[in-house]
Structures are given as structure tokens and as C-alpha cells.
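Now, the feature entries from TrEMBL:
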- 37-286: domain 'G-protein coupled receptors family 1 profile' (DOMAIN)
- 21-46: transmembrane segment (TRANSMEM)
- 58-82: transmembrane segment (TRANSMEM)
- 94-116: transmembrane segment (TRANSMEM)
- 136-153: transmembrane segment (TRANSMEM)
- 196-222: transmembrane segment (TRANSMEM)
- 234-256: transmembrane segment (TRANSMEM)
- 268-288: transmembrane segment (TRANSMEM)
Amino acid sequence: NRTSVVEFVLLGLANSHHLEITLFLLLGTAYFLILLGNISVITITLTNNSLQTPMYYFLRNFALLEITFTSTFLPSTLYSLLTERKTISLPGCFLQMLFFYCLGTCTLFHMAVMSLDRYVAICHPLHYTAIMSSRLCLQLILSCWALSFLSMFPPTILTVRLPFCGPNVMNHFYCDASLLLQLSCTDTGFIEELMFITLIIILPGTLMVTAVSYGCIIVTILHIPSSAGRRKAFSTCSAHLIVVTVFYSTCIYRYIRPEQRGGQDSDKVLSLFFSVLTQTLNPYIYSLRNRQVKQALK
């Protein structure tokens, strides 16, 4: 009953028209590449019989996740760059925040699952088919989605129930939870601690799974007798690790900082790295560079 704010103002990425046009072209191109790359991955892995393996099953689900994740904020960001309208309604802001955090968390779990899949395939190739059964693959995917929503739903719902009396301006291009908490006209200490604890468990936890999996993979690669085989395997692993490093480093620096609540221009740059740059690279790094996918495309 105390909420008087009916909409929030998102300052966006730029304060000059020329810069907004430039950013619109860059982000529009990135969004087009995200859609093109991920739709291609989904189509190829669904229609080609030789790609009906656990690895491509995970990549197909990961591609679908990337499309939905970027679609929660990029279309509205592109629209605001072209128009004078920089506002978002209260319900729209809450929905965007819910899906952004739930789908973003799901991305972390998916990356950990895909690294485990590659670990089993490379380190235990003879048992790969038996271990990564279709039932286990489905259970892993469903677990990713369930854990993501179960972990992020409580703090998000608590944020939605907060009163907002003004001001209503956020220095960001999407509805960020830390900024929303600053705008509330009541004490938000419990929600901030809950959000911080949730993220400090999920981010380092999934990173550890991914790092250990790739560490075991690299050790196995070092035992490959062929130097050409080692180079090829290292080329693939290094590309994966670069994307993982950029994604996790920017996420951790952005969100696991108890002394920093956000609202700076640097936070928007960090958000662009993990929400746009890595999403643009993922379909090409994980899927479209693959020899089998290239053959299926041909």
C-alpha cells in the first residue's frame, strides 16, 4: 500500500544520441548473431542423426537457454536506444529481474554440466555411453532449471514485495536487483544478505566443478601421444576456457562485492561482458567450430 512508484527509469548505456546509434548497431548485430548461431545449433542437432549424442543434447538446451536469457533484456535495451522512452513498468521490471537472474543462474549450472560431460567423454571414453544415458541427461537438464529457479526465486519474490516510494531512477540497462534494493523505502538488509549468500554459493561452486573438470581434461590431453592431437584438443579447450574465464570473472566481480552495491558505469560494462559478449561467442566456440557440426552444415 505504500508503493507510489508505477514505473522505473533506466538510464541505459549512453547519454548522447550518436553513441546510442553506435551501441544500437553493435548490440543489434550481437543479438542477431546470438539468434542466428543458437537457432542454427538447435536446428542442426535436431535434424542430423549423427548429432544425437549427449554432448549435442546439452548444447541444444544451452542454445535454447541463451536465446531466452538474452531476450529478457536485449530487445528492450535496443528499443530504448532508438527512442526517448527509458522507462519500464513495475511489473515489467520485476518480471525482467526474475527471468534475468533465474536464466543467468541456469547458464552457470549448464556450463558446469557441459564440462562434466566433456570430462566423462575424454577421461572415460569407454564408459561414456553407459554413464551419460538419456535418462541421466534429462535429469541433469531438469536439475539445472529446478535449482536455478529454487535458488533465485525466494530473494526475487522478497524484492518484489518491497515498497517503492521514490526515487525511481536506475543507472543500468536492465532491472538489477542490487539497484532495486537501493530504491526501496524500507530496510533491505536481510534480502541483500540472502542474495549475497546465494550467489557466493552458486558462482564459486559451479566454477569449481567447471575448473576441476577442465583440469582433468587437460591432464588427459597431455598423455595423448600425437602432437597434432594434443594441439587440436588444446585449441578446443583453450577457447572454452577463455569464454568461461570472461563469464565467471565479470560475474564474480560484479555481484560478489559486499562493499559495492552497484550503480556505477563500470557495472554496466561488466554486465555487457557476461550478458552479451560471452553469449555471442558461445554458439561459435562450443558448437559451430566442431568438425561434426561443420559437416552437418555442409
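The count begins at 1 with the first shown residue.
Note that Cβ sites are derived from N, Cα and C of the backbone, with glycine treated the same way.
Caution: TrEMBL annotation is automatic and unverified by curators.
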Selection from 21-46, 58-82, 196-222, 234-256, 268-288, the stretch that has most Cβ pairs under 8 A to the transmembrane segment (94-116): 58-82
Folded-back contacts onto the transmembrane segment (268-288), same chain, C-beta under 8 angstroms, at least six residues removed: 13, 27, 30, 33-34, 37-38, 40-41, 45, 59, 62-63, 66, 69-70, 73-74, 104, 114, 171-174, 176, 239-240, 242-243, 246-247, 250-251, 253-254, 294, 297
Result, the transmembrane segment (58-82) in contact with the transmembrane segment (196-222) (3+ CB pairs under 8 Å): no
